[in-house]
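Down below is the structure, laid out as structure tokens.
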Amino acid sequence: MKATGSFFLVILVMILPVQGQLKTGFYSSSCPKAEATIRSTVESYFNKDPTIAAGLLRLHFHDCFVQGCDGSVLVKGSSAERNALPNLGLRGFEVIDDAKAQLEALCPGVVSCADILALAARDAVDLSDGPSWSVPTGRRDGRVSLSSQASNLPSPLDSVAAQRQKFAAKGLDDHDLVTLVGAHTIGQTDCTFIRYRLYNFTATGNSDPTINQAFLAQLQALCPKDGDGSKRVALDIGSQTNFDVSFFKNVRDGNAVLESDQRLWGDASTRNIMQNYAGSIRGLLGFRFDFEFPKAMIKMSGIEVKTGAQGEIRKVCSKFN
């Protein structure tokens, strides 16, 4: 699948307009080893812990949804973005910091933290047996990082209307929403974020009726009523380290872990897109997701980017210059 995929990705890059002045191979002369260095760094962490892939993908997503894709989520500080409630579970910062340190030794002041994030997210998907794609680069790092601006991040409690509004505010439509939520094929969450669905949904003392009964028992075993809230649960049970379409099949069958994911099945527009991905003929329809996901990622990674003379190139990703 990888070989045929690359042919499509060439077409992708030609037909996709990218916001700002991003371009593929931006560092080909200024720092020719940039992409290979990031790739080898992501790979070394992935080999020790494959779940880091989902962490890196989520880090890029959370970055882009606040202030655009400008590395603002990487900055440390009591009032910085990464201290906002929706960002407390983010992980993978050390991977980005490690890649940055190596790139600063190779080509000081050239490669932005925002680009490292975008490239690491792509590499994370590729290493998880998902598609690969050419990432347009040339982002600059933002000079603002405020936790107060992270309130509009999508939440596992969001209705479809709320999810749609948050994505639309970033120029993303229903198709992008469902496609990007497909990243949950390698995601995880904490018991804290799903326990209400299992034991006290809408304060009734019952479970969420949209959960398949057999799956409910499985989730309750993983997350006991008074158990450890920080225990991790795979969002695509049965296929958590493979980037595939089983996530969409799980949602179809009432086996979504997050309420926001299951709700997408209850809306005609988003259900139709999910159904297309879930499909019945595994190979053919799984391939469609492999083709659509890179397009949605390229679109998302162009949100409100800073290019040219805007922003800065941070020396250390966790602090402004």
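Here the Cβ of each residue, glycine as well, is placed from N, Cα and C on the backbone.
For Cys107, the disulfide partner named by TrEMBL from the candidate list Cys31, Cys64, Cys69 is Cys31. Mean model confidence of the domain 'Plant heme peroxidase family profile' (21-321) amounts to 95 (pLDDT, 0 to 100 scale).
Between the CA atoms of Cys223 (disulfide bond) and Cys69 (disulfide bond) there is a gap of 34 Å.
Listed in sequence order, the residues of the same chain lying 6 or more apart from Ser72 (Ca(2+) 1 binding site) and placing their CB within less than 8 Å of its CB are Asp63, Val66, Glu81, Asp141, Gly142, Val144, Ser145. In this structure the C-alpha atoms belonging to Thr185 (Ca(2+) 2 binding site) and Arg58 (site 'Transition state stabilizer') are separated by 12 Å.
Within the chain, the compositional bias 'Polar residues' (145-154) has long-range Cβ neighbours (under 8 A, six or more residues past its boundaries) at 62, 65-67, 72-73, 75, 77, 79-87, 162-163, 166-167, 169, 260. Per DSSP, the secondary structure of the compositional bias 'Polar residues' (145-154) breaks down as 6 helix, 0 strand, 4 coil.
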